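In TrEMBL this protein carries:
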- His153: active site (ACT_SITE)
- Glu258: active site (ACT_SITE)
- Arg55, Gln80, Arg85: substrate binding site (BINDING)
Amino acid sequence: MPVEQNDKTIVLTHPSGASVEIYLFGATVTSWKTAGRERIFLSNKAHLDGSAAIRGGIPVVFPVFGPPPSSPPEYAALAQHGFARTQTWKLEKILLDRSEGVSVRLVAPPPPATFPHSFELHYVVTLAAHELVCNLHVLNTGTEDFKFQALLHTYLAVPDVSKIALTGIDAGTSYKDKVLGGAVGAAPGGPLVIDQQVDRVYAKVPSKEIGLDDGAGDHYKVRFRGFEDCTIWNPADVTGSKIADMEDGGWNRYVCIEPGFVSEFKSIKPGEQFIGQQTISIA
Ligand code: TA6
């Protein structure tokens with residue numbers, strides 16, 4: 001069976017042998033295997049019982065990224081990275097089940113009562129032989145404009161983060177450096193290596209494509225549409241060792257490449273839909 005569900009997870013299996021596991025809690029992709037290898041980092045200390053957002057995988061960040069803004073009040077009251085990653089989603093439909101791809105659509109429950117906005121949130125995950133596509137759909141079902149931030153917080157597994165190289169961040173792309181208290185910089189162009197903690201929100205990345213050389217022979221491309229920004233995060237030992245649900249030394253075994261719409265808020269009109277897409281392929 002290419003799509004199997006139990007009370008906690010959905011597992012998609014492709015005829016090539018590739019597979020994806022999605023937790024209903026947060027609609028969090030927790031595993032993506034191709035060619036017999038795990039491509040997604042999941043901390044061995046992650047809480048998988050719904051008691052906290054899952055550490056690792058691909059958490060869905062919505063409707064705010066990072067700490068919430070100080071106003072309006074219903075946004076200010078939100079938790080870091082919003083509520084979508086701690087809601088229990090449902091499998092709504094199997095969209096495709098063939099060799100070209102196996103695809104499912106999940107739907108989020110209504111938002112908390114303290115967030116009185118009308119919208120529908122769907123997530124479509126499609127698995128092909130060498131590719132994983134994640135589409136976040138936000139539909140404004142209300143009568144007023146609806147504003148939000150959204151991001152896919154993808155933890156890609158790498159053997160040794162100090163040996164990787166990231167490409168595709170065009171010279172001059174402006175970024176906010178959260179390690180330096182939000183200082184603004186401009187990317188120099190050329191490959192980015194992780195030789196210290198990195199937490200940067202690159203705004204409106206022109207290429208909309210980040211390349212990852214994992215330093216051990218694998219090359220990934222992370223392409224995005226709808227999403228315009230991309231956060232690159234690795235906490236290194238200095239911050240990673242303080243994260244309670246991070247496995248020992250885990251920070252050395254992943255890089256977060258996070259396409260999103262987060263450098264400002266996206267606003268959609270009544271009846272309008274936003275689709276943020278991330279495609280990860282193995283070259
Ligand atoms: O996307 C990067 C980031 O916002 C970092 O600042 C870092 O704190 C990380 O997300 C993890 O956030 P979390 O709430 O999952 O601990």
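Cβ atoms here come from the backbone N, Cα and C positions, even for glycine.
On the structure: features taken from TrEMBL.
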residue : record                 : DSSP (3 states)
Arg55   : substrate binding site : coil
Gln80   : substrate binding site : coil
Arg85   : substrate binding site : helix
His153  : active site            : coil
Glu258  : active site            : strand
(request) Do me a favour and check the Cα-Cα span between His153 (active site) and Glu258 (active site); whole Å is fine. (result) 5
(message) List every residue in the same chain as Glu258 (active site), at least 6 positions away in sequence, whose Cβ is under 8 Å from its Cβ.
(response) Val61, Leu151, Leu152, His153, Thr154, Cys230, Thr231, Ile232, Trp233
(request) Please give the greatest C-alpha separation between any two of the substrate-binding residues Arg55, Gln80, Arg85, in angstrom, as a whole number. (result) 14
(request) Pick the one among the recorded positions Arg55, Gln80, Arg85, His153 whose Cβ has the fewest other Cβ atoms within 10 Å in this structure. (result) Gln80
(request) For the recorded substrate site, whose residues are Arg55, Gln80, Arg85, find every other residue on that chain with a C-beta no more than 8 angstroms from the centre of their C-beta atoms, and list them by sequence position. (result) Ala52, Ala53, Ile54, Pro59, Val61, His81, Thr86, His153
